[in-house]
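A.B. asks: The structure under discussion is supplied below as C-alpha cells; questions concerning it will follow.
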Amino acid sequence: MTSTDPSPTPLPLLGATEIRRLAEEIGVRPTKTLGQNFVIDGNTIRRIVAAANVDPGETVLEVGPGLGSLTLGLLDAAARVVAVEIDPVLAAKLPSTVAAFRPELAGNLDVVLSDAMRVTELPAEPTALVANLPYNVAVPVVLHLLEHFPSLKHGLVMVQDEVADRMVAGPGSKTYGVPSVKGAWYSQMRKAGVIGMNVFWPAPKISSGLVGFVRHEPPVTRASREQVFAVIDAAFAQRRKTLRAALAGWAGGAAEAEKYLREAGVDPSARGEVIDVAAYARIAEAKLPFTA
Ligand code: SAM
C-alpha cells in the first residue's frame, strides 16, 4: 500500500463470525467464572487502543487476551505484547490466531499461562497495561500488577462500569471506596468512556467502563504500603462509622485512634469516605514509633 491510497484496508481484527469460529475450533464455551466476554467489534478495539495512548516502542501487558481481539489491535500499536491468560486452552490457541491474522506481528507476542493476580515475573518489562479485564477480579488484578511491575507507567482497562466509577472516584463522592484510595496510591485514574453490552459475546447484563491511569509517586511517608492499606481497609470495613470508631480495632482502642487521627491532622468524627490517600498515609505514620 502507498500513502496515496484513498481508503486503506481496515486492519484485520476479529468480528463476531471469527470469534465464534475460533471458539468452536478449540471447543471453548465462555465461562462466567473466568469473566469470559469476548469483544466482537473492531471499532471497540480501535477505540480502546486509541484511548490507551500506547507509543509504538512500548511493551504492553495484556491480561486475559482470550481469543485475541484486543491482542491484534495492541500488536499493531506497540512493539511487543505480553499476554497473561489463565485459561490453558485460550493461551495455547493465541499464537496461531495471531500468526493467521497478522503473521508479520506474530514474533512480537509472548503468551504467559498464569493467574494475573499471582504473576510476579514476565518475559519483558511492560510499560503499559491494556486489558479487557475479567470483571470479578478486575480491581485486585490492577492493584497486584501496579505493585509488582513498577515498570508499568500507564494503562487503560475495561471493567464493569460501576467498578470504573469506583476506581476513579475522589474523596466525598458516593462511589469513593477501597479501589479509589488504593488506586490513588499508585496512580491518577480517569474515566475514559462507557462501552455498551452488544460489542461482546456473550453480551454481559451491564455496561462496561474504560479507566485510564498514569502512575505517580505514592505519598511520602515512613509507613509502608501495607501499613497504609491496613488503615484503608479498617476505615472502609465500617464506612458509616466515624474514623474514631472505625479505626478503634486497628489502633488498639478509640482513644488511641483519636490520638493518631489528631496527630495526622484528620477530624476524628469524619468518615473514611471524605479523606484522601495522603491523609491515610499520615494516619498510618502517626501509629509508628518515633525514630530520630
Ligand atoms: N481480551 C479478550 C477480549 O477482549 O475479547 C477477552 C476478555 S475477557 C473479559 C477476560 C479474559 O481474562 C478471559 O480470556 C479469561 O479467560 C481471562 N482471565 C480470567 N481470569 C484471569 C486471571 N486471573 N488471570 C489471567 N487471565 C484471566
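Cβ from N, Cα, C; glycine included.
Those TrEMBL annotations? Automatic predictions, nothing curated.
Grabbed the feature section from TrEMBL, which reads as follows:
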BINDING   ASN37, VAL39, GLY64, GLU85, ASP115, ASN132  S-adenosyl-L-methionine binding site
DOMAIN    44-217  domain 'Ribosomal RNA adenine methylase transferase N-terminal'
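Are these features on the surface or tucked inside, and what touches them?
C.D. replies: Around the Cβ of ASN132 (S-adenosyl-L-methionine binding site), the same chain contributes ASN37, VAL39, ILE48, GLY64, GLY66, SER69, LEU70, VAL157, MET158, SER208, each under 8 angstroms and 6 or more positions distant in sequence. For the recorded site, ASN132 (S-adenosyl-L-methionine binding site), the DSSP three-state label reads strand.
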A.B. asks: Would you give the longest CA-CA distance, in whole angstrom, between residues of ASN37, VAL39, GLY64, GLU85, ASP115, ASN132, the set recorded as binding S-adenosyl-L-methionine?
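C.D. replies: Taking every pair among ASN37, VAL39, GLY64, GLU85, ASP115, ASN132, the longest Cα gap is 21 Å.
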A.B. asks: Are there any residues in the same chain, six or more apart in sequence, whose C-beta is under 8 angstroms from the C-beta of GLU85 (S-adenosyl-L-methionine binding site), and if so which?
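C.D. replies: Correct list: GLY64, PRO65, GLY66, ALA91, LEU94, VAL111, VAL112, LEU113, SER114.
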A.B. asks: Mean pLDDT for the domain 'Ribosomal RNA adenine methylase transferase N-terminal' (44-217), rounded to an integer?
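C.D. replies: Across the residues of the domain 'Ribosomal RNA adenine methylase transferase N-terminal' (44-217) the model's pLDDT averages 97 on the 0 to 100 scale.
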A.B. asks: Near ASP115 (S-adenosyl-L-methionine binding site), which residues of its chain come within a Cβ-Cβ distance under 8 Å, counting only those 6 or more away in sequence?
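C.D. replies: Correct list: ILE86.
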